[in-house]
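Per TrEMBL, active site, 4-aspartylphosphate intermediate is recorded for Asp402. As annotated by TrEMBL, Mg(2+) binding site applies to Asp402, Thr404, Asp999, Asp1003. Look at TrEMBL and you will find Asp402, Lys403, Thr404, Glu693, Phe735, Lys759, Arg797, Thr877, Gly878, Asp879, Arg973, Lys979, Asn1002, Asp1003 tagged as ATP binding site. According to TrEMBL, the domain 'P-type ATPase C-terminal' annotation covers 1025-1269. The region 'Disordered' annotation in TrEMBL covers 1-20, 613-686. Here TrEMBL flags 67-85, 287-312, 332-354, 1066-1082, 1089-1109, 1139-1161, 1168-1189, 1195-1219, 1240-1260 as transmembrane segment.
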Amino acid sequence: MIQQMESDQGGMAKDPTKNRRVVMPSWTEHEEIKELQQSYSRNKIRTTKYTFLSFIPKNLFEQLHRFANVYFVFLGALNFVPIVNAFQPEISVIPIIFVMAITAVKDLWEDQRRRKSDQKINNCLCEVYDRNQKRYVERRWAEVCVGDLVRLCCNEIIPADMVLLHSSDSNGVCHIETANLDGETNLKQRQVVRDLPQQGSEFVPENYSSRIECENPNNDLRRFRGFMEHPGKVRVGLHSENLLLRSCTVRNTETVIGIVVYAGHETKAMQNNSGPRYKRSKLERRLNMDVLWCVVLLLVMCFIAAVGHGFWLSGIQNPIFMIPDGTHPALAGFYMFWTMIIVLQVLIPISLYVSIEIVKLGQIYFIQNDLDLYNPVLDTGVQCRALNITEDLGQIQYLFSDKTGTLTENRMLFRRCTVAGIEYPHKDNAISLEQYEEQGCGDADHSLTLRSRASKKSLSCKSLSCNRSSVSLNTLTAESETHSVHDTLRRHAPGAFSSTMECAVVPDPDLQAKLNTLSSPKHSAVRQEAAEISHIMDFFLALTVCNTVVVSSPTQPRHMVQMPVVRTPLRSLEEMKAMFQKLSLPRFPSSPNQNTDTPPSLTKKLFTRGRAASYFPNSSPQTPITNLKSPTTPTGTPSNTPSTPVTPALSSGAWTEDMEDIQKSKNNSADESESDDEDEAEELLYEAESPDEAALVQAAKAYGCTLMGRSPEQVLVDFPGTGPLSIPLLHVLPFNSSRKRMSVVVRHPLTGEVVVYTKGADNVIMELAEAAEDGFSREIMERTQKHLDQYAREGLRTLCVAKKVLEEQEYKAWLKRHEYAETCIENREELLLESAERLETNLTLLGATGIVDRLQEEVPETIEALQEAEIKVWVLTGDKQETAINIAFACKLLRPTDHILMANCDSKETCEARLHELQQEITHVTKKGMPEDGSSDCVLVIDGRTLDYALQKELQGSFLDLTCSCRSVICCRSTPLQKSQVVRLVRDELKVMTLAIGDGANDVSMIQVADVGIGISGQEGMQAVMSSDFAISRFKFLRKLILVHGHWCYARLANMILYFFYKNVMYVNLLFWYQFFCGFSGHTMTNSWVLIFFNLLFTSIPPIIYGVLDKDVSDKTLLNLPDLYKSGQNSQAYLPSTFWMNILDAFYQSLVCFFIPYFAYAGSDIGVFSFGSPINSSALLIILLHQLVESRTVTWIHAALLLFSAFFYYAFVLLFSITCVTCNSPTNPYGIETKMMSEALYYLVCGLTTVLALLPRIMFRVFCNSICPSDLVRAQKMERLPPRDYYASLQQWKENKAAQRLSSRHVPQNLSVNADVPHLIDCNAEVGAVLS
């Protein structure tokens, strides 16, 4: 099989450009590969859109993608055609030039910011090997190429994606911090490529000649597939553990050397740099539809004018005021159609689109600077990543939430466990957790830094100091005006998931006593069963080694601790062997003779002095000990015979400088043992990739099973009774969302056997352990399952731990196929998944753990407020049903009187029948009363398997009908794919506005599918945040973000858009009415300058401020009365009816504004422009005062802008009238405005016109607000009351709403409780019926 694979790969290598990349050192003499590498992208990046020459044409091209811009450019060009032009061609292009110029300036400013950031990044320096000079030289990042060998020091940022070839760490390990990529502050381990010829010695670039074949560039940060072919044609698989990603930071190693495989825009960091997210909001989609209606209205008006002009020409015979040109009336009418398009062009609001962008920027500014949404712990506020959907926050109807890390803290605290079927309640630990929660220390954990005692010197690691300061994060990404969360986390957290309570676990006395029998079996009070002790030992060994935790020093938390290796006391191991022999356990191989007086505080002393013990697993011992075989076997290379179980010896070279100190520590160990125990918690700092791992490792440490160090090939564990044990680490099968478990393959330090330790979701592990046939294992599984159910009822997160012992032949057979999977490039993930599943079968269950993850603060109040706002809240979680239900009660998603509908099915037919049955149950329960929203007090709880069936096309309708009748839905055991499928189904089929919120990578797909995606910058990095539209740091901030800012943004923008339509239609109709009195000739009664500037300048600024600052109801009232949010859900501010009402009102006001001056000046000898003067003035006053009528807030800013607009208009027309003689050729506007304003009739006409035009709207508002006021109007009136009356009215409002909800809710008299969920009685004083 392997030979066939190699031949296939060799064949594909003939065409490396097809789907693979070939990389060799840049000085290679292979011409074909050299030319190929030169074709790869260089490391220079350019995120700008434009160059000096391309800015104008490219920006114009981009802006002309907007229909409105194309429309106005077309009209501007049309006005240059003499036969159809309406006024001076130069004037007609002013509006479009003005709007496009503003947009171009904005684009240019943004591009300049990107240009400066690019220059800063490209000019960073790094060391690249120069073959001509035979040394490393400094080069700019932009000059780095694929195939270059780059050397980096500690704390330097990686300039390109590189395969790790050398590390100064003796184990070939390098640790990186990926906060710049995904926000995770815990260290990630990377390792040198296996079997490099120069591994373990000083790296000489000249001697490196291996060839790399890898996949083409892609954006998957967690995948890297390829292989390295050494000169001897030996191929070694390459994985993501061998790849150093651009923009990550080297943290724990003096120097690393790598070869660049991806550079510049081909790096994974740049492939993921998609910039801000752009979505089309629901309001924008409605706006586009109404713009089309305005286009239809424009065409109708132009058609009427064209037909009227044709009939007018046909009805007159040889007029003395016209020069005959022989044009047929029908053709003249056709020309007039296009002329009227130009005259009435402002019916399409050209400035509306620019105004909307400005308003949204203003709204985002106020959201991001709201102090109520600021988290002082993380020093961050709201991040608005999507710039154009702020108003969608005010129309949310369905909210889909993750549980862990979103509703809860995602700060896992070990609570209790069960081992070998025996439950250990950890009562003292529960008491300490309760005291911790009562003190409210959760938010203060950020200040927990492992303190450095004044009497101790800091860890001095000169080799880790940096001569070159590292590049800050903002040089790697576009600069943001808000604080980035991963910066904040790095400032406040010395290590990931290392809070006070995570480190303080109080052991259970019974379990502690049993574990102590390993170290003192002779003094054991009770003789323990051999199998039980074996399970306990394996259980804690699995907790300690089955993880990816990195061990750090407390005084230098960003540097990994070198593995301090000590010799195991012989007495302990021999006593342990004797005890196991007495208990009839399998015999262990004999231990070698070892020194017996190793001081117990050796590790402590090493930390205190600041010297890290170097561990050389493959080096021969120099101490006077019998010859030892290395306990480690290189990964993927099994030993021919089972290795002798030994503990590593000390290398004399590594300890020469410290021998005197070690001797002193021996003499003083007894005196300092007590202080060592007191400060034991401060000795080590664990960097975990997930809070679960950190909690379990800390729990094991509390029992004396301490993880002391980790290398790619072994793990050092301090175990009770044995001292430090070196455990050979053969393979790590990482956690996978589909497998829902992780495994490690180790060689047992005492038995020499190959053992697989697995931990994962309880349902998965229990299924894999079902094959156990002996009665003891079955009894353990039954007891453990009961304990798991109990943990779930208490709301604990559960994990199961299991093991499997492999025979050598079985392991070798598996390893052969696993190595094949590792070296494949195509389908590697699928092959590795199959390989892991082949290994993780017939497991022996060891036990399970229960971890508490407490709710975030104010989560119940937030969910209750959202539900009062008629937002349906769904929880999509991967936890057990019982755990999810318990959390749902705690956060008030479930109420004591709710009916819980359980759906757990094993087949599609059963699922279909169950959905039908539940629908009938709901109908029966609600037949005596149904709430206004059509949903009952039923809550559906559905598991992942049933959800799979329900999401199939045949059952989607039944599933949605059922959920629409429920107040909420809880989806348990759901996968990331199922989460996104549920959101998409509800969004598309029910046509509702959806919001998804989550904090982890498993929530990304759900966040991206929803109309509004919100990421929580929590404990699981920045994956969710980077995929979201908005980012918050706590779930409680969702309350104000939606109920207040969402309501304001929607109401402001909706009213502003309607106002723009109104004022444009109103003013354009004035020109249309005039056509009936000028033979539909396309002439206007005002000069072209005023015509162009009226909507562009004179009336455009007030609505922008109106859209940013207007408040219909205060934030205090909106938070106290969440049901006010329903106005946005129902789109009450912007309905088709409100749009057409505004259009009709605009028609009426235009009729009044035109015909009152017409009749007032009828029979007089005033000119056309003189007739238009009072019309323009009246229109301005009507439009400005109309906004005042519609405004809910009038401040000095609003008043000042309204006065400024009026003053600006009159100043312009007066100046124009005084100075311009030929500005409006061929007419002469000189002196017209000054003459009209000197007459009393002018002011009388303007005043009367304004009053009559606004009177119907004012009367309509008075009638509606007095006779049938909406809830918003009632709230506005309530806010005008004195404080005492206000709070009394507020309380009365709440009581009335609560009474309405109770009256519409049917509560049955007979409540039944399902025996499957008895925990509901424990959780609540009153329990709702559970329909099963």
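Just so it is clear, glycine is given a Cβ too, placed from its N, Cα and C backbone atoms.
From a predicted model like this one, the values you see are computed outputs, not experimental measurements.
A map of TrEMBL features onto the structure.
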| residue | record | Cβ within 10 Å |
| --- | --- | --- |
| Asp402 | active site, 4-aspartylphosphate intermediate | 29 |
| Thr404 | Mg(2+) binding site | 26 |
| Phe735 | ATP binding site | 18 |
| Arg797 | ATP binding site | 26 |
| Gly878 | ATP binding site | 23 |
| Arg973 | ATP binding site | 22 |
| Asp999 | Mg(2+) binding site | 32 |
| Asn1002 | ATP binding site | 23 |
| Asp1003 | Mg(2+) binding site | 31 |
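Note: the stretches the transmembrane segment (1240-1260) and the transmembrane segment (1168-1189) are in contact (3+ CB pairs below 8 A, sequence gap of 6 or more). Contact between the transmembrane segment (287-312) and the transmembrane segment (1168-1189) is not supported, since fewer than 3 Cβ pairs fall under 8 Å when only residues 6 or more apart in sequence are counted.
Only pairs six or more apart in sequence are counted, and the transmembrane segment (1139-1161) with the transmembrane segment (1066-1082) gives three or more Cβ pairs under 8 Å, enough to call it a contact. Rounded to a whole number, the C-alpha distance linking Thr404 (Mg(2+) binding site) with Gly878 (ATP binding site) is 9 angstrom. Among the binding-site residues listed (Phe735, Arg797, Gly878, Arg973), Gly878 has its Cα nearest to the Cα of Asp1003 (Mg(2+) binding site). The highest tally of CB pairs under 8 A with the transmembrane segment (332-354), across 67-85, 1066-1082, 1089-1109, 1195-1219, is held by 67-85. A straight line from the CA of Asn1002 (ATP binding site) to the CA of the residue listed as 'active site, 4-aspartylphosphate intermediate' spans 9 Å. Ranked by CA distance from Asp999 (Mg(2+) binding site), the recorded positions Asp402, Phe735, Arg797, Gly878, Arg973 have Asp402 at the top as the closest. Beyond the transmembrane segment (1089-1109), the same-chain residues lying 6 or more positions past its ends with a Cβ under 8 Å from any Cβ of the stretch are 87, 91-92, 94-95, 98, 346, 349-351, 355-356, 358-359, 362-363, 366, 1052-1053, 1055-1056, 1059-1060, 1063-1064, 1067, 1071, 1176, 1179-1180, 1183-1184, 1187, 1191, 1193, 1195, 1197-1198, 1201-1202, 1204-1205, 1208-1209, 1212-1213, 1216, 1223-1224. The binding-site residues close to the residue listed as 'active site, 4-aspartylphosphate intermediate', defined as a CA atom within 10 A of its CA, are Gly878 out of Phe735, Arg797, Gly878, Arg973.
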